[in-house]
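See structure below.
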């Protein structure tokens, strides 16, 4: 607990920022435009997904369910966090004046962790689903129902929410961050802050790493099967190419947007001497770095829907006409059937 000589809640740290500086940093027009573009992009992706899910194969349908959960998560994340940030930027209200008990700050901290970690976990889940579908087609049910796919999405959401609630249970703290328009985990040296910061950064980093590993194996397997099969043994492969292209795009976007923030959090909480003073102050350079990395991470919510929109078969065929003329292909089942017969 930082001494502040007042009845304010524990989410307030000593700050030294003027109103004029806040006006220069917190532009309501930029924040509003960012949110509008992001919300419109995700709505467009959801409408395209709704049409794509009709008449698709069972395998592709389950993948599209996970993708729908990802886009829905990004949409709700922009909607909830954007409403708070844009309101603060427009009114430039003092957080301690409207939220002395830190209820709004805790709520925003939870949703920031939830909507930050959920896309990373969903990306790893989608990579796992495609990995099993490509390399172990007989080790899972032939048909993954939409109900089961949505149940998996629900479990991912529950795991992300459970992590976000930990500071409310005593592990870590949510505090108002520079320039006073948002709340996030505390980059302090106390054991709870360090543990929560490392837990968040490690889970996010492991999700990205797992996605990279599984996607690499899946792509290598697809390439091996494509070059090793005869045309007579093949069946349509365009959907496999489409799903892997989308999955690789999602992984690349998540890596570029989130890894800098995750690495920065881990480095800051482990820094010796501590980055945060005993009074709760961070250097202005550290606060500005955190804000920059956070803004980079939020681009993930805008770019995710465009990965799906641009990496559809209709677009890929324009970039690579061979996709629309090549023979039917890419099933691992003929090879596996032959191997079973030989054994």
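Glycine residues also receive a Cβ, built from the backbone N, Cα and C atoms like all the rest.
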Task: Per Swiss-Prot record, range annotated transmembrane segment [choices 224-245, 290-311] - done: 290-311
Open item on the list: Please state whether Swiss-Prot assigns residue 23 and residue 133 to the same topological domain (same side of the membrane).
Closed with: no
- [ ] Sorry to bug you, but what's the C-alpha spacing from residue 16 (N-linked glycosylation site) to residue 105 (disulfide bond), rounded to the closest Å?
- [x] 19
Task: Among 16, 105, 183, the one of these recorded positions whose Cβ has the fewest neighbouring Cβ atoms within 10 Å - done: 16
Open item on the list: I need the CA-to-CA distance for residue 16 (N-linked glycosylation site) versus residue 183 (disulfide bond), whole Å please.
Closed with: 17
Open item on the list: Let's see if you can do this one: DSSP helix, strand and coil counts over the topological domain 'Extracellular' (88-106), in that order.
Closed with: 12 helix, 0 strand, 7 coil
TODO: Sort residue 183 (disulfide bond) into helix, strand or coil using the DSSP assignment.
DONE: strand
Task: Positions on the same chain near the transmembrane segment (290-311), where near means CB under 8 A and six or more residues out - done: 25, 34, 37-38, 41-42, 44-46, 48-49, 67, 70-71, 74-75, 77-78, 115-116, 119, 177-179, 182, 184, 187, 242, 245-246, 249-250, 253-254, 257-258, 260-261, 264, 268, 282
